[in-house]
């Protein structure tokens with residue numbers, strides 16, 4: 001793809017997300033989501049491969065269904081209440097429909113089936129955009145509508161944490177593992193969304209930082225499955241020795257960065273008399289911890305197989321700069337002591 005076309009598509013992607021951020025009218029928000037979707041489709045299909053084409057088609061169909069449902073629900077709300085403002089959703093039926101449409105756009109369980117298949121067909125760079133940037137616009141909308149149905153949000157959150165944990169257990173493809181990891185993290189955000197939007201925003205920012213680091217490490221090592229991680233020691237031993245800290249941070253173990261949002265979410269759920277919900281969410285984190293430990297074991301404690309079916313990575317120079325990777329990795333591992341300051345920043 002031409003650099004000029006690639007830059008234009010990225011700017012259009014940013015324009016769609018910014019338009020949704022700045023919208024208080026459902027038609028403008030819908031327009032921003034459509035611009036966002038149409039801008040990322042050429043990026044998804046830039047690799048001329050049947051899997052990329054299939055992933056693009058699945059993504060387009062899922063997003064088209066979600067935006068059509070969102071538009072129908074906003075029109076129904078305008079018909080019932082006579083207004084189009086996002087922050088004044090009063091009728092429960094349109095609010096529930098819009099919440100489910102945004103859950104489909106985010107990939108929350110049980111509306112998650114498209115996300116692992118789409119992410120598997122993409123390269124790591126485009127998958128990073130899909131797993132991070134594409135979550136911002138739907139989250140901006142779901143934070144504005146303030147759904148009244150706490151039962152629906154708790155159901156979506158618990159289902160996502162459980163499906164994200166169970167789904168990643170028997171996977172060997174790294175992109176599918178990251179997809180199920182995304183579903184599990186989104187479940188934690190949705191659980192606390194109604195009670196503490198600032199905590200949801202903090203969790204989203206930390207999730208983006210950790211996911212950015214993970215994708216950049218896999219891209220640096222040119223790894224797409226668990227077996228290819230065994231060759232990491234020969235190419236970048238220092239980075240390989242630090243990667244387990246990142247994986248454990250994704251799992252939410254102290255004293256790493258990923259422990260802060262899970263700890264605060266469990267504390268908030270306990271304050272809201274949802275101790276059983278907090279317990280189930282904490283137990284579901286053990287499922288995610290298992291497949292993170294699988295990646296850790298494959299990367300640091302195994303030797304590469306004799307019959308390599310991919311290019312030996314230590315014979316190739318890395319194709320990306322290391323400064324963004326070092327910065328993102330540091331934030332993803334060492335941010336826990338700064339959690340009070342981060343919470344203060346996100347409350348403004």
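Yeah, the Cβs are placed from backbone N, Cα and C, and that goes for glycine too.
Predicted, not measured: the structure shown is a model, and the values here were computed from it.
As annotated in TrEMBL, transmembrane segment covers the listed stretch 201-221 rather than the other ranges in 117-137, 201-221.
Per TrEMBL, the stretch carrying the note transmembrane segment among 274-293, 294-313 is 274-293.
Beyond its flanks by at least six residues, the transmembrane segment (152-170) meets 96, 99-100, 103, 108-110, 112, 116, 176-177, 180-194, 274, 277, 280-281, 284-288, 290-291 of its own chain at Cβ-Cβ distances under 8 Å. If one looks beyond the transmembrane segment (92-115) by at least 6 residues along the same chain, the residues whose Cβ comes under 8 Å of a Cβ in the stretch are 33, 58-59, 61-63, 65-67, 69-70, 72-74, 76-77, 80, 135, 138-139, 141-142, 145, 147-149, 152-153, 156-157, 159-160, 162-164, 179, 182-183, 186-187, 190.
Within its own chain, the transmembrane segment (201-221) has Cβ neighbours under 8 Å at 124-125, 127-128, 131-132, 135-136, 139, 143, 174, 178, 181-182, 185, 188-189, 192, 228-229, 231-232, 235-236, 239, 243, 246-247, 249-250, 257-258, 260-261, 264-265, 313, 318, 320, 322, 324-325, 328-329, 331-332, 335, 342-343, 346, counting only residues six or more beyond its boundaries. Same-chain residues lying 6 or more positions outside the transmembrane segment (233-254) and placing a CB less than 8 Å from one of its CB atoms are 181, 210, 213-214, 217, 220-221, 261-263, 285, 288-289, 292-293, 295-296, 299-300, 304, 312-314, 318, 325, 329, 332-333, 336.
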